[in-house]
Amino acid sequence: MIIRSPEPEVKILVDRDPIKTSFEQWAKPGHFSRTIAKGPDTTTWIWNLHADAHDFDSHTSDLEEISRKVFSAHFGQLSIIFLWLSGMYFHGARFSNYEAWLSDPTHIGPSAQVVWPIVGQEILNGDVGGGFRGIQITSGFFQIWRASGITSELQLYCTAIGALIFASLMLFAGWFHYHKAAPKLAWFQDVESMLNHHLAGLLGLGSLSWAGHQIHVSLPINKFLDAGVDPKEIPLPHEFILNRDLLAQLYPSFNEGATPFFTLNWSKYADFLTFRGGLDPITGGLWLSDTAHHHLAIAILFLIAGHMYKTNWGIGHSLKDILEAHKGPFTGQGHKGLYEIFTTSWHAQLSLNLAMLGSLTIIVAHHMYSMPPYPYLATDYGTQLSLFTHHMWIGGFLIVGAAAHAAIFIVRDYDPTTRYNDLLDRVLRHRDAIISHLNWVCIFLGFHSFGLYIHNDTMSALGRPQDMFSDTAIQLQPIFAQWVQNTHALAPSLTAPGATTSTSLTWGGSELVAVGGKVAMLPIPLGTADFLVHHIHAFTIHVTVLILLKGVLFARSSRLIPDKANLGFRFPCDGPGRGGTCQVSAWDHVFLGLFWMYNAISVVIFHFSWKMQSDVWGTISDQGIVTHITGGNFAQSSITINGWLRDFLWAQASQVIQSYGSSLSAYGLFFLGAHFVWAFSLMFLFSGRGYWQELIESIVWAHNKLKVAPATQPRALSIIQGRAVGVTHYLLGGIATTWAFFLARIIANIFASHFGQLAIIFLWTSGNLFHVAWQGNFESWIQDPLHIRPIAHAIWDPHFGQPAVEAFTRGGATGPVNIAYSGLYQWWYTIGLRSNEDLYIGALFLLLLSAISLVAGWLHLQPKWKPSLSWFKNAESRLNHHLSGLFGVSSLAWTGHLVHVAIPGSRGEYVRWSNFLDIPPHPQGLGPLLTGQWNLYAQNPDSSSHLFSTSQGAGTAILTLLGGFHPQTQSLWLTDIAHHHLAIAFIFLIAGHMYRTNFGIGHSIKDLLEAHIPPGGRLGRGHKGLYDTINNSIHFQLGLALASLGVITSLVAQHMYSLPAYAFIAQDFTTQAALYTHHQYIAGFIMTGAFAHGAIFFIRDYNPAQNEDNVLARMLDHKEAIISHLSWASLFLGFHTLGLYVHNDVMLAFGTPEKQILIEPIFAQWIQSAHGKTSYGFDVLLSSTSGPAFNAGRNIWLPGWLNAVNENKNSLFLTIGPGDFLVHHAIALGLHTTTLILVKGALDARGSKLMPV
């Protein structure tokens, strides 16, 4: 037995006034280095100045002096932290909407920064609700403040001032402990005392004081806030601390004071120290009483732990004894010498601390979302994503820092001569085995983890979904992770009966917590997709560890460079004499490790972002149906590389790349700018030092030539500096790109854009009126519409030469102009506009409508006027209002305009607001309407000799059924148009009462759809489930609306030339062609948009369970049949249509025109004949003078139409023949092929044999 002599007590002493306080050295850049202090000779001096300023080892070899500098610098760091915190609290007090957020955290977003209105940047102030505009913050400060019990801006101001005071105290402490009372080296090396104080003081008393704050301030205030009490009515924090009776009203156990504590009757305190588990359903955060209990418990543990180590009093453990007693069978002398290493090498100590803190930070990242500690944090998805990303990046950098300082320790502080056969020496001697095994693990993981994805992409590409690794084919379930989840989920019923629920809802079960209609947390399922991506995590993490560990173990030497220790921590390529030894220093390993850390963390945060959007985050309906942001597409889309590129990176980048013109535009700029910074890094990483030095020498030559060369000689970045700048830009650019991508995606909201669209439309139409009134020739054109060309606007182009000026000077203008082919002149003339003044008034009116639309868009984003989700889903009410309001009332109003203004205008009368009541539209006024003699309004129509815009040949009728066209204008009779609008107004007004709303009358669309089950049961459940599917998917609704609008737009194109509604437009052939082309292209784009949004619906919103065996599901089930039949139709049309043309070309080429195939379109001709065209000789329906249809309408409307149909002066029912037959089948080919491609895209959007996901 070895008996030690008692060790002397440690006497902790300080040196008084060791270093004089002086500002003189502040004026000497680089005073810490003899070389740098000489001043700049070359630009390398600037880099060395920054690189070496905090490399205290290079300043002195005195460990005591180094220790004092580090200790003092820590106070400076704490001062910066307090200053930063003070700024955050000041922003919250001065610029934020904290008090408004506190009153309604589910509908008002947190904002603590308002952008000043300079150069238009105020657009960044988005509407966060509650009438406040600012930048939405995602730091979680508002949630922390609420959890702390802060209820007013005054309290934030006070806390900000307190943080400033602490910042100044830290600055003073840093100065004091370096210049006035600097600890000796023995103080820094007394690790037992340090550990005791950190455990008991920093962690123990810190947790205890926080538990006290939570119990006495946070709990009562949050109880009031959760109950809906106005924050201004809640007592101030100090009142709860000083007045026990106030607390006792909320928590009765306070009446008994500390008695239960001393009598061990601790269960009495269960009203404020609980062990519930799970989340508070009101706030979505952990129960604050649970967290108070947690802090009290760990405070006691740390206070006990703070007495573990032996100091001056001889009780407790000695770390040195513990370490030296630890000898394993394969580790030689074991941990002997480790105590001296950690007490003499601060790099070793820092490395250990960074590794632990980095790991802890990553653990915090995973706990903050799964066990959200603050109220309303769980439903603030932007903050959740930001906090996870932030902590992951910080953890990654800290761990790389641990490797860096471990390598510096090995290079600078490790002494192999005194460290024989201990643990570290044996690790270094076995480094080849360690690295080769780790290398094998990385290769294995790389090939197998990435190989699984390659396999899936290949199988998907080859149309073999049954051979893919997925939850629906070859399953690779993470059974161990699922077992861990299940074990924790069952804890409340097995191992932790005191808890009401498991520690986190993510473990499993059926519980779901939602706050304000948003999911806070629910069980997170794990499947094959998670198995695959977690092995990618394993791969990237192992490669990062391989690079960093190799850098540490080979920091002093390697077979390639045995004397690395002499070259230091960082050194460039060692020249050709060593066989090209580039990137071998310990610093280079950190440099390369940073890239792989970036890869590892990027995959983690991408996985988190997509997984949460797919399986957790979303909304919950009144019926309890959860709609996730990306509709649960992670499990099937993330199992292929293509899925990650398509459904994550590309699909979710839509918000950031379309952010211009919105409050998210800064994210768009950051996205592009950070991409540039990232790409800029490659310039440093790809190019060598020699290239830049040669370039710089050329520039120096030019400067010397001009005698403007600086005294400091330019030098290209050294290899180390270039890599440092490159990796910094790479990481900064990559992180900022990801940040912008994430936040623009998660913060973006889609609403009120329709009002903005209306504003743009009204603004555009106002501009048309204004341009013509200012620069057009409308007043001249109406004098002779057939011979004067309408001018759209003047051309002011300084690039025009005289020939161009002459070419564009037309329409009777004095300078170059553009001719209008939009039909606007004809439209305005038809509806009664006659002067430029009328156009100006119309422009102003439309500007007003534009402003109203903008205001309406803004108004309906305000909380008071913001429509709820149920308002948007009230389909019956919306249809009623659109039918009766939008269509019915507007058609009625347009009838009024035609009758009161346009028709009198066509008869030479000028009706405006000034004489609106003086000129009745009909001689008998309202009499025929009130007496039911409506036929009187049709008597005495305009005659065939009527001259438009004059009284010559004019009648008095206002509502007619003449049919045909006005002989002079070749447009529909205005009185017929008025009659048409009045008739459809009544129809739409009646239709607007069809659907059931609050009054219980009318049809229920859901009932109509669900009652539609085809007979025989062979078509499944029919339309069941369609109502909710359409109602819950804006993309489905938009697809339907676009399809309808596209068809209508194409119909408009066909009708505008065949039934021209505006005076003299039929004779303006260019305008007719322009309008036809315009509407057909618009229709094409709109129809394509319909299919695009149909495909987006299937990807994002389609719920197979909700649509089981209904028409949508059966359509997807039979998509192969649909597509194959459509494909056959397209092939048939393609071969036969083109074949007919090719045949005819060949016959003409061979000089046998009689052998051409000329097919009459008899079905189309029959339809035309049925409408009255007599030239084909079918003698059917209206083309048969003896037919009943002809005789029934002969005396009402038929003569006019029959004349128009059989005249050759218009485009109504143009004569068609074999040429039309051929081109119509070419049109059919184009339409069917387009439909084939678009329908296939929609039906295969969710998966195909080639790519099931």
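Keep in mind that glycine also has a Cβ here, set from the backbone N, Cα and C atoms.
Feature annotation from TrEMBL assigns transmembrane segment to 154-176 (among others).
Counting same-chain residues at least six beyond the ends of the transmembrane segment (350-370), those with a Cβ under 8 angstroms from any Cβ of the stretch are 342, 377-378, 384, 387-388, 390-392, 394-399, 401-406, 409, 504-506, 521, 608, 612. The feature transmembrane segment is assigned by TrEMBL to 350-370 (among others).
Remote same-chain partners of the transmembrane segment (390-412), defined as residues 6 or more beyond its termini with a Cβ less than 8 Å from a stretch Cβ, comprise 57, 341, 345, 347-348, 350-355, 357-362, 364-365, 368, 544, 548-549, 551-553, 555-556, 564-565, 568-569, 586-587, 589-590, 593-594, 597-598, 600-601, 604-605, 608, 735. As annotated by TrEMBL, transmembrane segment applies to 390-412 (among others).
If you look up TrEMBL, you'll see 433-454 (among others) marked as transmembrane segment.
Taken from TrEMBL, the feature transmembrane segment covers 590-610 (among others). Among residues of the same chain six or more beyond the transmembrane segment (590-610), those with a C-beta under 8 A of the stretch's C-beta atoms are 369, 385, 388-389, 392-393, 395-397, 399-400, 403-404, 407, 533, 536-537, 540-541, 543-544, 547-548, 551, 583, 630, 634, 638, 644, 648, 652, 723-724, 727, 730-731, 734, 738, 742, 745-746.
Listed as Cβ neighbours of the transmembrane segment (664-686) (distance under 8 Å, sequence separation of 6 or more from its ends, same chain) are residues 123-124, 126, 655-658, 717, 722-723, 725-730, 732-737, 739-741, 743-744, 747-748. Per TrEMBL, transmembrane segment is recorded for 664-686 (among others).
Positions annotated as transmembrane segment by TrEMBL: 839-861 (among others).
Annotated transmembrane segment per TrEMBL: 882-903 (among others), in sequence order.
Tertiary neighbourhood of the transmembrane segment (1034-1053): same-chain residues 750, 1075-1076, 1078-1080, 1082-1084, 1086-1087, 1089-1094, 1096-1097, 1100-1101, selected by CB-CB distance under 8 Å and a gap of 6+ residues from either end. Sequence annotations record features per position, and here TrEMBL assigns transmembrane segment to 1034-1053 (among others).
Annotated transmembrane segment per TrEMBL: 1081-1100 (among others), in sequence order.
The feature transmembrane segment is assigned by TrEMBL to 1121-1142 (among others).
Marked as transmembrane segment by TrEMBL: 1221-1243 (among others). Within its own chain, the transmembrane segment (1221-1243) has Cβ neighbours under 8 Å at 1087-1088, 1091-1092, 1094-1095, 1098, 1115-1116, 1119, 1122-1123, 1126-1127, 1129-1130, 1133-1134, 1136-1138, 1140-1141, 1159-1161, 1164, counting only residues six or more beyond its boundaries.
Listed as Cβ neighbours of the transmembrane segment (1081-1100) (distance under 8 Å, sequence separation of 6 or more from its ends, same chain) are residues 630-631, 633, 647, 651, 1033, 1035-1036, 1038-1043, 1045-1047, 1049-1050, 1053, 1116, 1234, 1238-1239, 1241-1243, 1245-1246. Sequence-remote contacts of a segment are chain residues at least 6 beyond its ends whose Cβ falls under 8 Å from one of its Cβ atoms, and for the transmembrane segment (882-903) they are 830-832, 911-912, 916, 921-922, 958-959, 974-975, 977-978, 981-982, 984-989, 991-994.
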